[in-house]
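Asker: The structure under discussion is supplied below as structure tokens; questions concerning it will follow.
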Amino acid sequence: ICALLFASLYILCHFIITHFKKHTDFTAVHDDEDAAVNRIALWLCTFTLAVALGAVLLLPFSIISNEVLLSFPQNYYIQWLNGSLIHGLWNLVFLFSNMSLVFLMPFAYFFTESEGFAGSKKGIMARVYETSVVLLLLTLLVLGMVWVASAIVGNDAASRQSLYDLWEYYLPYLYSCISLFGVLLLLLCTPFGLSTMFTVTGKLLVKPRLLEDLDEQLSCTRFEEAAVSHRI
């Protein structure tokens with residue numbers, strides 16, 4: 001069931017990305033190597049978008065499945081909407097979200113920008129090697145910055161021990177920080193987006209003519225006619 005849900009989200013996200021992206025960005029590339037790199041980047045971006053969409057829809061899906069089970073407790077055909085399925089979906093979304101944030105999206109970006117090391121044989125694997133090295137260096141840089149920040153904030157054994165446990169402490173902390181930045185960005189951009197939406201809607205809609213003053217329009221028309229006659 002989880003595989004079917006994710007496959008449906010992946011197909012939907014693939015259509016969304018290919019609809020909003022130009023056709024030449026991924027297919028009409030003269031170099032076969034660049035075309036393959038663009039296709040791999042497209043797959044990684046589609047996977048990440050599917051995971052993000054699954055994370056957004058996970059809470060409504062949990063609420064709806066719970067209400068359906070409470071409404072039809074004896075129905076055999078909806079018993080698959082149980083707690084184990086929801087718990088498994090939460091664990092998978094958490095796992096794939098961290099994988100996308102830490103590995104897939106940086107890898108896709110560096111992979112499209114890579115050209116292979118100088119002197120190495122050109123090809124896909126050369127780009128993969130360069131991307132892996134750059135991603136490893138970036139990971140070491142981030143971990144080093146976290147170590148320095150931890151040493152400045154709290155230089156004790158508990159703070160250092162928490163950094164060793166990446167799965168239980170570091171990755172949830174990173175996920176929470178990125179979610180916080182996303183919420184702040186949403187709160188910052190939503191008012192401007194709503195104001196722009198109402199402005200565009202006001203320009204596209206045709207104002208009703210019921211409240212217009214016909215006498216004023218006739219007077220304006222007479223003045224325009226007199227002005228044109230005077231010019232002639």
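Think of each number as a place in line: the chain as shown, counted from 1.
Heads up, the Cβ atoms here are built off N, Cα and C, so glycines get one too.
Because TrEMBL annotations are produced automatically, they should be read as predictions rather than curated entries.
Checked TrEMBL, it gives:
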type     : residues : note
TRANSMEM : 40-64    : transmembrane segment
TRANSMEM : 84-112   : transmembrane segment
TRANSMEM : 133-153  : transmembrane segment
TRANSMEM : 173-200  : transmembrane segment
Asker: Residues sitting near the transmembrane segment (173-200): Cβ under 8 Å, six or more positions beyond its termini, same chain?
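Answerer: Same-chain contacts beyond the ends: 94, 97-98, 101-102.
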Asker: List, by number or range, the same-chain residues at least 6 past the transmembrane segment (40-64) whose CB is under 8 A from its CB atoms?
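Answerer: Residues packing against the transmembrane segment (40-64) from afar: 5-6, 9-10, 12-14, 16-18, 26, 86, 89-90, 93, 96-97, 100, 104-105, 107-108, 111-112.
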Asker: Which sequence-distant residues neighbour the transmembrane segment (84-112)? Criterion: at least 6 residues beyond either end, Cβ under 8 Å.
Answerer: 1-2, 5-6, 37-38, 40-41, 44-45, 47-48, 51-52, 54-55, 58, 61-62, 65, 127-128, 130-131, 134-135, 138-139, 171, 174-175, 178
